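Annotated 3-amino-2-oxopropyl phosphate binding site per Swiss-Prot: N15, R26, G200, G221, H222, in sequence order, evidence recorded as sequence analysis. The annotation 1-deoxy-D-xylulose 5-phosphate binding site is assigned in Swiss-Prot to D17, H18, R53, H58, T108 on the grounds of sequence analysis. According to Swiss-Prot, the active site, proton acceptor annotation covers H51, E78, on the basis of sequence analysis. The annotation site 'Transition state stabilizer' is assigned in Swiss-Prot to E159 on the grounds of sequence analysis. Per Swiss-Prot, the feature active site, proton donor maps to H199; the stated evidence is sequence analysis.
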Amino acid sequence: MIFHANPGVIDLGVNIDHVATLRNARGTVYPDPIRAALLAEQAGADLITLHLREDRRHIRDADVRALRPQLATRMNLECAITQEMLDIACEIRPQDVCLVPERREEVTTEGGLDVAGRFELVKAACAQLAGAGIRVSLFIDPDADQIAAAAACGAPVIELHTGRYADAHTPAEQAAEFRRIADGADAGQKHGLVVNAGHGLHYTNVQPIAALPGIKELNIGHAIVAHAVFTGWENAVREMKAIMVAARLGTQYPAASTPA
């Protein structure tokens, strides 16, 4: 049985990349990211997010193929704009594909996709994916020009990059980044886009973002995997979802006290 607390209030996409990172660290078959995804669904995840990187540093092709038919919710596949990745996505046909920038030397995704600067490439990728019946999302910075370009190239969804908000060193810096995200959510809605957000969010910084009425979905992974070390996987998923829903409803979840 899949548990959903206040469905439709705000969606939680649980990213399973770092379950695969832990598996790959020792070259074992455990922990199994497929099992993690299915348990996350049972604990209240509204979708499962996974990033098939070109270097396959965590999620592998076999993970994506094995997981797709087993999910009861949605698969949100993150990938770079390369012909290889687009072809894999069109073969597997997840419900959603989020196009992201990618550099092999980065530890994690460092910024948003430059849709305005790579407009024709992004537009063609959106068309190919849409032709396969896949809903396309673009991972972008909360920038007015990028949001307008995303709408113009035919993507129905954007995911606002919250990394700078999450990594802010001072309250003033964090407040400024939060305002950019809030303004970006408003701009996205005015362009008729579904607005999601994610990157670097954890148990003590997610509340202001989750409270924004224009945000439909948050994608969170590393913080949930880290918290699960201490509380258990399903509990970590349930707690994150409860914190998000409480923030959206204007209340405070009592356990929101430590990042992990």
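Positions of Cβ are set from backbone N, Cα and C atoms, glycine also.
Taking the features listed in Swiss-Prot, we show where each one sits on the structure.
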| residue | record | Cβ neighbours (10 Å) |
| --- | --- | --- |
| D17 | 1-deoxy-D-xylulose 5-phosphate binding site | 21 |
| R26 | 3-amino-2-oxopropyl phosphate binding site | 8 |
| H51 | active site, proton acceptor | 24 |
| R53 | 1-deoxy-D-xylulose 5-phosphate binding site | 19 |
| H58 | 1-deoxy-D-xylulose 5-phosphate binding site | 23 |
| E78 | active site, proton acceptor | 27 |
| E159 | site 'Transition state stabilizer' | 32 |
| H199 | active site, proton donor | 26 |
| G200 | 3-amino-2-oxopropyl phosphate binding site | 19 |
| H222 | 3-amino-2-oxopropyl phosphate binding site | 17 |
Sort E78 (active site, proton acceptor) into helix, strand or coil using the DSSP assignment.
strand
Select the closest residue to N15 (3-amino-2-oxopropyl phosphate binding site) from the following recorded positions, measuring between CA atoms: H51, R53, H58, E159, H199.
H51
Using a 10 Å radius around each Cβ and all protein chains in view, which of these binding-site residues has the most neighbours: N15, H18, G221?
N15
Within 10 angstroms of G221 (3-amino-2-oxopropyl phosphate binding site), Cα basis - recorded positions out of D17, H18, E78, H199:
D17, H18, H199
Given the recorded positions H51, E159, H199, which lie within 10 A of D17 (1-deoxy-D-xylulose 5-phosphate binding site) by CA-CA distance?
H51
Quick one: pull the CA-CA distance for H58 (1-deoxy-D-xylulose 5-phosphate binding site) versus R26 (3-amino-2-oxopropyl phosphate binding site), whole Å only.
12
Which of the recorded positions R26, H51, E78, E159, H222 has its Cα nearest to the Cα of H18 (1-deoxy-D-xylulose 5-phosphate binding site)?
H222
Looking at the recorded positions R26, H51, R53, E78, H222, which ones sit with their CA no more than 10 Å from the CA of H199 (active site, proton donor)?
H222
Could you state the CA-to-CA distance between H222 (3-amino-2-oxopropyl phosphate binding site) and H51 (active site, proton acceptor) to the nearest Å?
13
How many Å lie between the Cα of R53 (1-deoxy-D-xylulose 5-phosphate binding site) and the Cα of R26 (3-amino-2-oxopropyl phosphate binding site)?
19
In the three-state scheme derived from DSSP, which category covers H51 (active site, proton acceptor)?
strand
The record names N15, R26, G200, G221, H222 as the residues that bind 3-amino-2-oxopropyl phosphate; what is their largest Cα to Cα distance in Å?
25
